Every structure is written in C-alpha cells, then in structure tokens.
Protein chains: 2
Amino acid sequence: MTEVKKDLRYIRTRKSIMDAFMKISEKKDFKDITVKDITTEAMINRATFYYHFVDKYDLLEKVLSEVFLINLNDEIIKDYVLNEEVIVNLFLAITSFNSSLSSRCHNGYEETIARIIKEQLEIIFYKMLQRQSEGEERDRIASVMLSWGIYGAAIAWNKNSELPPEEYIKLVIPHLSSGFYKEPNKKD
Amino acid sequence: MTEVKKDLRYIRTRKSIMDAFMKISEKKDFKDITVKDITTEAMINRATFYYHFVDKYDLLEKVLSEVFLINLNDEIIKDYVLNEEVIVNLFLAITSFNSSLSSRCHNGYEETIARIIKEQLEIIFYKMLQRQSEGEERDRIASVMLSWGIYGAAIAWNKNSELPPEEYIKLVIPHLSSGFYKEPNKKD
DNA sequence: TCGAATATGTCGTATATACGATAAATGACT
DNA sequence: AGTCATTTATCGTATATACGACATATTCGA
C-alpha cells in the first residue's frame, strides 16, 4: 500500500523536516510553530513541505508515531524484553517532547498528542510483553495500563518535579518489577 | 567570479557534506576516510559529491578554509578586536581538528592541512589587528607570527598535554597581552 | 604474484526539490 | 469596520540530485 518512497532525496528531506520540527518543538509551543519555521530550519522550500505532509498537524502525527518506533525499535524492541532500561528510555523519550506537552491545553490539540503517544507506547509494550507472554488478553490490558501509566507519569513530572526525569522514573521501577503490593500470604 | 551558487538545495547539500566530513574526521584519520563514508553520513549520492568537489582533498581544503571563516567570522571578527576570548576560540577551533592533525604525517598531507589553517589564521589576525592598527607592515608580521605560534601551540598540545585545551592556551595569554618580557628600563 | 574485493571518477536519464507567482485565510493594529 | 502584514496552500517551470552502469585504480589476502 501507501507506496514507501525510497529515493534518498525523499528520505533525507523527510528526516530534515522531522529533525527540524523536533528541534523547534523544544523551544516553541506547537501552536506557535509555523511551516515557515520548519522549512527554514530544515533548509528546504516551503512547497517541499507540502509535498511530504498535508500540514503541520499531519507532520506532528507522523513524527510522534515514527520517532518512537525508530528511536526505540532499533535499539530496544529488537531483542529486548521489558525491563528497567526500556522503561527509562521510553520515559525520557516522552519527556523530551515537553514542548508540546507542557503548553496549556486550550487549543485542544494536546489530547491528540496524548492519544498518539499512548497508542505508540501501547504497541511497543504489547510487542515486548509477547516475548514473555502469559496470555494475549492479559498482555493487552497490561500494555494499556503501562502506556497510560508511563504517559501520566511524564505529565506529572512536567508539572511538579525538579528531579531529572531519569531519577524521577527510577523511583517507581521497584513497583513495576516486583509489584505494587505484597501478597499477604504466599508460600515460601 | 567563481559563481556563487545560491540554490537552497545546493547550499543544504554542501553543508551536509561538510558536516558529515567533520563528524567523521573526529573518529577516522583523514587518509582512511572514503568518499563513500562521507556520502553515506551525509545521506547523498556519491555522484553528487563529485558535483560539489573534485575529490576529498578538495573538500578538505574548502572545509578548513570555510569553517574558520564561518564559525569565527560571524561571532568574532565582525566587531571584535584581538583579545583573550578570540585567541582561546581560535585555539579550540584548531584543536577540534585533532583528527587530521594527530595522525602520523607519513602521507605528507599534514603539511597541506597546516598550511591552510595557518593561512586562514593569518587572514583573521590581520583583519583584527587592522582595527587597532599601528602600521600595515607591522600588522602583517604580527599576523604571521601569531598564526604560526597558535598553530604550533595546538600541535604541541596534541602531543604532550593532558590539560584541557582551554586551560592550556590560557596559560600563555598573559604573554600575548602584556608581552613576553619586561622592558629593562621604562619611564614610569 | 595474482585475483577479488573495494574505491574512484564519469555519464545519461529520471525525479524530487527550488523558485516565483498566485489567491485565499488569518491575525494585529487603528 | 478596514488596512497591512504574515501565513497557508497550490501551481508550472527550471534545476540539483538520485540512480545505475561503467571503466580504472587501489587495496589486500591467498
């Protein structure tokens, strides 16, 4: 389907646009970013932007869903299973998007961002859980809870914490690895 | 003359090539760098490299002479005169090329590199000295001595010192600002 | 020493992108 | 309200670049 372009020019330009967008996102709120900003940073013509994306919202969707699967697929999903390192890295990936996250949600686009991120997280968690699977439906639910949980933690970190994100998320790792509470009466 | 191209594609691609080259230079010795290495890193076709440069030696010359005048012209030469900050920055710029510099000089290309860098340094020093000029010929000679001196210091730093380059060069700053020796009998 | 791989340059053709123009939408200021 | 400036989005044409093929060098291990 959707015709995967493999012309090097296309790939490089697409990457330039996405990199530029992410760089600008670190300083500017999403709603204040113009297509001109992006094309200037990416050193491409404005018309070329529209050759690749419908508009900046389209770009946002694709950046969010691809950056996760690119940055993380390669080094993490391939042979890793769910563990501390994975969770920390995912958390860092989310918080690095603080630009879009931290802004007031008065234009209603934050929900879309949140939705996309959580969808991607869910996909990743599900893939990883299946490697050590103990039931498909259980994995599904676990993926949902983890995606919402991690994302929520990122939001909370953004609002409150002065801790570095890495330390912040590590505080809760014990609960994720060994459970949130102790079985009251367990053999052995 | 030489037809300054201003097509954005040309500019972006040229920059990509130079950035890629500098990045690779930090890890690989110049003589071990292939055109393929550069084009892969820059995400461009090999043929395109030859559209921009004759060969990797041509690229080296242009990188060396432009990087100095780009990185330094903007922030330094414009309204600055010769001072501590300028000297430190120039020194850092040179040492950051340690890749090519530090290699054994058995292919004889180090001399070319040295020549180009010194030429560029001389141009920069001369421009700066002229702002506070006390004679054209004196400025010329001073530029020559400074360019050779700074460059030599960079080479020496590379061979011997464990000091950070910034500290290293700062040790000699007093001599550059106040002279290498005291006038034996000076009025006042 | 000899092949076999890898690197260098060059060329013709196809295509992604630059450029400039355009119209319409949006926003800021009086 | 209206104007001015900026941004969005689309178009036709020109051009820089990708691609693949090619002939030479160069490197390197058997």
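Using N, Cα and C of the backbone, Cβ positions are placed for all residues, glycine too.
Summarised as a single figure, the pLDDT of the DNA-binding region (B:34-53) averages 98. Positions annotated as DNA-binding region by TrEMBL: B:34-53.
According to TrEMBL, the feature domain 'HTH tetR-type' maps to B:11-71.
Counting residue by residue with DSSP, the DNA-binding region (B:34-53) contains 15 helix, 0 strand, 5 coil.
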